[in-house]
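Quick notes on the structure that follows.
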Amino acid sequence: MIESSSPTPPALHEGAPADVSHPRNIRSFVRRTGRTTVGQAKAFADVGPRFLLAYSGLPMDFSAVYGRDAPTILEIGFGMGEATAHIAGLMPEKNFLCCEVHTPGVGALLKRIDEQALTNIRILQHDAVEVIDHMLPLGSLDGAHIFFPDPWHKTKHNKRRLIQAPLIAKLAARLKPGGYLHCATDWQPYAEQILEVLSAEPLLKNTADAASDGYAPKPGYRPLTKFENRGIKLGHGVWDVVFTRA
């Protein structure tokens, strides 16, 4: 548990929103509308054919997709792609497979890919849960990122949260031994739930020690985005949870 002397402020969220038509059918997104800018539309046309992947429902061959053998990191819900592009730029030796359904967000990341000349990102504009179920082979991932998923603040909506035991079991099974799962949230009750769910998964081991209550220091590769800085100014805490596959 995290000690707090003041009420937890409402959280903002950037990536990995979640929706559900039934508690047993959790998706990795909530349907949102938004305008695609001229620059984003141009990025779809100019670089989309190279960096957008079609959902096939068939197991992926990462070597064929990226044209090389390299560690592959899954990202679920990247918002407008600010952190994604930053991390991919820091780690050109790694492949990044990024799932997001929000069209302006996909367009924004494509624009960043073009502007920063990134070559190690591929995007699937599809529900990440279905991608995990049908396209990611067991033991194929070197890591997974879920940054600021929709916290679904109301107790009656908690069942809609993305990070629950069934999804984590699927993700853990798709990590290689030594692969990691990194989650971050600015909503204290969700941080507690994430820690509880990951701690209960037998394939995963916490990288943090007891002195930190199970929460990890922010890894250096994860940037403070405009979204996160805005939250900090509003008094939000941010909790990182990092587990590895045993």
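Keep in mind that glycine also has a Cβ here, set from the backbone N, Cα and C atoms.
Residues or ranges marked as region 'Disordered' by Swiss-Prot: 1-23.
Within 10 Å of the C-beta of Glu100 (S-adenosyl-L-methionine binding site) we count 28 further C-beta atoms, all protein chains included. Annotation comment: Swiss-Prot describes Glu75, Glu100, Asp127, Asp150 as S-adenosyl-L-methionine binding site, evidence class sequence analysis.
Among the features that Swiss-Prot reports, active site is placed at Asp150. According to DSSP, Asp150 (S-adenosyl-L-methionine binding site) is assigned to coil rather than to any helix or strand.
Counting every protein chain shown, the Cβ of Phe227 (substrate binding site) has 19 other Cβ atoms within 10 Å. If you look up Swiss-Prot, you'll see Lys154, Asp186, Thr225, Lys226, Phe227, Glu228 marked as substrate binding site.
As annotated by Swiss-Prot, region 'Interaction with RNA' applies to 156-161. For the region 'Interaction with RNA' (156-161), the number of residues in each DSSP class (helix H, G, I; strand E, B; coil) is 5 helix, 0 strand, 1 coil.
Note on Lys226 (substrate binding site): other Cβ atoms within 10 Å of its Cβ, all shown chains, come to 11.
Across the residues the record lists as binding substrate (Lys154, Asp186, Thr225, Lys226, Phe227, Glu228), the two Cα atoms farthest apart are 26 Å from each other.
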